[in-house]
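This report refers to the structure that appears directly beneath it.
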């Protein structure tokens, strides 16, 4: 191990008795901790998803349920319509991602590359909203969606009510702008001399160069929309349009516990499988986003 | 002189053209429209609304400061504010050190670190609402509940958890910490990769033990991100809604009523949009002051 690769604990430390045995012990302890916290609830959910209501209620910590009820899973899929709600969730997340990417790439292109005279004013106005917490606009945003000013249409019970407001994210516009700022001006000048129009400059040079940041913004938007609860609850009262996060608590009130658990299991299974398949890219993207916050 | 002026104006026309001219307006249009409708507009509207009586049915009328005086004299507000502070406090002492410790620990593991990473991130992948419903079940107050039966093996309990006025808030914070720790520790881990390791060598030669190396070498180098995460966490916890809303709905006996829950009640249960926005404006004001104070305090720390 070279010196540059060393961590806090050195090889000399590792030779000493206390650390030699203490460190693996702590490692095992923490491993058990994260295993119980990370996998425990999922395994419990898997077991409960195929148990009878009776078993779940009377002996939730019994290792083996008295009977396995595999039909819970198809029941949850059909009767609780988990599939439809998951579809809504995905549709909402993808739409939010597209609208966010469209707004913040075009916006950042103007503010960073084209730099019109009025650009700094817009940048300042976007930056200002970054410092205002979201709570200030919750109620007026709701009223805006109910009756769009000038257009006088209601977006309630349409996916636009979720897609469009999520695009008004100052954070995404500013990190995109900062990335565009780092693209060498010579490249842009060269493209201009070759006679590229602004639209061509945008689609053929800037967008291909900014794939990493587009990926990060896309990931953050999807995670954000996946976790959102209050906003879709307010603007999508129609049950057939609701994402899984809004539908689950409503469904939970009316279905028996075994079906509820298999519904939860299905809702958890898909993101967990997706995460495990793409964990490397996922964790790298999320970590990169954290670096940007600094 | 005249010639100079035309030259100047023709140059400004060419720069206007080169900087995109009309097309820059087209490119800016989506951003400006979206922000006007969904960001700048609602912020201004929120300020206006807080001085109006509005229930979406009758036309709005100006009422001066009466929304603010109504909200500030509401007996529920002190309780909601205290509960929110309590939640933020608990989240700070429990939820804040856990991901930091986890990140420093994982960064020490060369080969198996990724496994800890994936496992500790798993709870963050579970949709928050599904996690809350699951934990509601874990917190079942009967002796056969999941947590109560686990504690029962050691002869502790049973506890009433969410039905108890004293335990409800810590129980919510426990779930929130479980759900959030992995995601935060990933961000610390990314920051830790930038720590200059040659300093460990120097510290070790100076006789610094492992803990003092963590305390004096590792943590100061990621101080920037630690402070930012702390501020973001504070701002987030002051606006907590989903967890108390779904876990307890603010109960028992308003023990978990937070400020945002109160805003929700004003607006969407009482239909009093004026009071709701007045309270939102007050909360936003507090958060703005908080981040400004925080900014100045931490700037003084980092220069010294």
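Using the three backbone atoms N, Cα and C, a Cβ is placed for every residue, glycine included.
Keep in mind that TrEMBL annotations are predicted by a computer and have not been checked by a curator.
Since this is a predicted model, take the numbers as computed values, not measurements.
Per TrEMBL, the listed range annotated as transmembrane segment is A:162-180 (candidates: A:143-161, A:162-180, A:181-199). Between the listed ranges A:21-46, A:47-72, TrEMBL ties the annotation transmembrane segment to A:21-46. Outside the transmembrane segment (A:201-226), and at least 6 residues removed from its termini, the chain residues within Cβ reach (under 8 Å) are 89, 92-94, 96-97, 100-101, 104-106, 109, 113, 162, 166, 169, 172, 175-176, 179-180, 183, 187-188, 191-192, 245, 271, 282, 285-286, 288-289, 292. For the transmembrane segment (A:21-46), the residues of the chain that approach it from at least six positions outside its boundaries are 9, 14, 60, 261, 264-265, 268, 272, judged by C-beta separation under 8 angstroms.
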